[in-house]
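Engineer: One structure coming up, written as structure tokens, with questions to follow.
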Amino acid sequence: MIYIIVCFGLFLGLVYFLLTYKSPSKQEIYFRLALAGLVILVILVRTYRINSLQGLDLDEAMGGINSWSIANYGVDFHLVHNPVYLYAWGSGMNILYPLLTVPFVKVWGLSVLSYRLPMVLLSIASSLLLIGSFLYAKFSYRKVLIYSIIILLSPGLIIPSRWAVESNIFPILLTFILSFFIFLLYAQSRKVKEIWYWLIIFTLSISAYAYSNNWLFLFAFVLLFFIWSYRKLFHSIKIILLSLITLFFIDWPLIAFIYVNYVSHKQLTICGMTITKLAESRGNSQFIIQSGKPILESIAYNIFETFKVLIQGNDGLLKNGLPGIGLFYPLMVSFAIIGIIYFFEDSKNMLDQFMFIMLVSNIFTVMLISPNFTHLNALILPILYFESKGVMSVFSSQFAIRIFLMFFFALFSVFSYEYVHIYHSQLVNGNHESPLELQKMIRKANSSNRQIYLVTGDETYTGIYTVVLFAKPMSPYEFNSKTVNVSPAAFTPYTTFGKYSFVKDLPQVMKGDSNILIVKRTVNVNKFMKEHKDYHLYRGQYYDYIEK
């Protein structure tokens, strides 16, 4: 309730500012009111119960403990100094987002809120900058609202911003790049254009550290963008060469990372940075060329599966998108196709050309990487852009636009209701998510000196250790000293350390005669309680807490 009151207060303040800024016409008043409502809605859907509506994802937990370790010990959780890529599970984790969270974790400690907050703030900042770029370009009121509503209120940009999975920052960075490009396109002087251009180059450079699966996309996009920039923007070989030098200066550690993991297989330290040697590359399971099938057959099948995932709106991972909705509302992808058709009919618009380059740069991803919404996150923004163009092309009258907006906000309402209510329990306690009550139980159990068994009832027991470390961080030096006998793997299974044991089923034999068991509610504890009458059961919503 307090949250709603605060948002309503912000809305009134924003409305007052917009209405008292200059002397608006009646039409402009309506536009400013609509824009104020949109801004508040954009903020609301990204911040509402951000620390409690969803459970803690295992990848969030892994990123969080590495961020905490860097903030407090100057090394990642596997004792690597200045890594260019986190060792994490054994198959690695992108470094950019965990690094960005270090100041937040250092100041406020490790929590769901402190680790998710940077993602939310970056998403809001990129959204506001995008709206600002539309206004700077002096788009029509209708175009500003339609493009902003479709792009910023679609699940494709809402859902990733609510989870601090490190790869989710990539579409946010692309939103910044789109905004910078619009400012560049409509700037009056060459000097100002060059400032925006270099912001694009810098953001492209750091985005390579955001998500390694998009290196293929970045390679294609940089190549096409440089060719296009030379022909359409600056006609300067010097700027293109300086851009390449900048990219190399920022991204050479990742080139070294590829060399270490695919050629030399020996970890290196260069200029104080550690070029991390992983136990195994996750790419082996993500590239379709590893499937053993003929390459052309695999590519054709992968393209078909990609379109299937996009149209059906379900990749099997609830945290990526709700079933039947996915990243794009039902029927909205058809408007993207219409938008692309209209682009081919009149391809002179430079902004459309830029976004088409962004779209086609995904070709290698679509062909070669197994599809899910995370792997396809570089597709989100260009598809949403062409959805907007398609809608603007089809619904030309004011009445038609109103009908569309009613349809869109009906879909938005259904999505919001399902996310908050229908799928709430699965988002809190899914296959790879853990409820916040589990962290409370871990902290309570940790205060004792007894052996603690965490029983998951499923295969996640080998990765649930990250949730324990997230709830009660441990020195990385202490952790590694207690797990020296664990063999490295793509997903290294830590089933015990210190006083913790992680098991799938209730243990038949326990260490000591006074233990604590934290058991997922899907596991039947009746037999255990009958056999251990001196134990007491405390029921939680998702987990049971059992102790003597």
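Even glycines carry a Cβ here, placed using N, Cα and C.
Note that TrEMBL annotation is computational and uncurated.
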Engineer: Which range, 4-23, 144-163, does TrEMBL list as transmembrane segment?
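Structural biologist: Feature transmembrane segment in TrEMBL: residues 144-163.
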Engineer: Quick one: do the transmembrane segment (356-379) and the transmembrane segment (399-420) reach 3+ CB pairs under 8 Å, ignoring pairs fewer than 6 apart in sequence?
Structural biologist: no
Engineer: Does the transmembrane segment (399-420) make contact with the transmembrane segment (195-211) through 3 or more Cβ pairs under 8 Å, each pair 6 or more apart in sequence?
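Structural biologist: Between the transmembrane segment (195-211) and the transmembrane segment (399-420), which are separate recorded stretches, there is no contact, as judged by 3 or more close Cβ pairs.
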Engineer: Looking only at residues six or more beyond either end of the transmembrane segment (217-233), which have a C-beta under 8 A from one in the stretch?
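Structural biologist: The answer is 184, 193, 197, 204, 207-208, 239-240, 243-244, 247, 350, 353-354, 357-358, 360-365, 378.
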Engineer: So if I exclude everything within five residues of the ends of the transmembrane segment (195-211), which remaining residues of that chain have a CB under 8 angstroms from its CBs? That is, six or more out.
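Structural biologist: Sequence-distant neighbours of the transmembrane segment (195-211): 84, 94-97, 166-167, 169-170, 173-174, 176-177, 180-181, 183-184, 187, 218, 221-222, 229, 233-234, 239, 243, 246-247, 250-251, 254, 377.
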Engineer: Would you kindly check 30-48, 144-163, 169-188, 240-260 and say which stretch has the most C-beta pairs under 8 angstroms to the transmembrane segment (84-105)?
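Structural biologist: Answer, by Cβ pair count: 240-260.
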Engineer: Relative to the transmembrane segment (169-188), which of 30-48, 117-137, 144-163, 240-260 accounts for the most Cβ pairs at distances under 8 Å?
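Structural biologist: By the under-8 Å Cβ criterion, the transmembrane segment (169-188) pairs most with 117-137.
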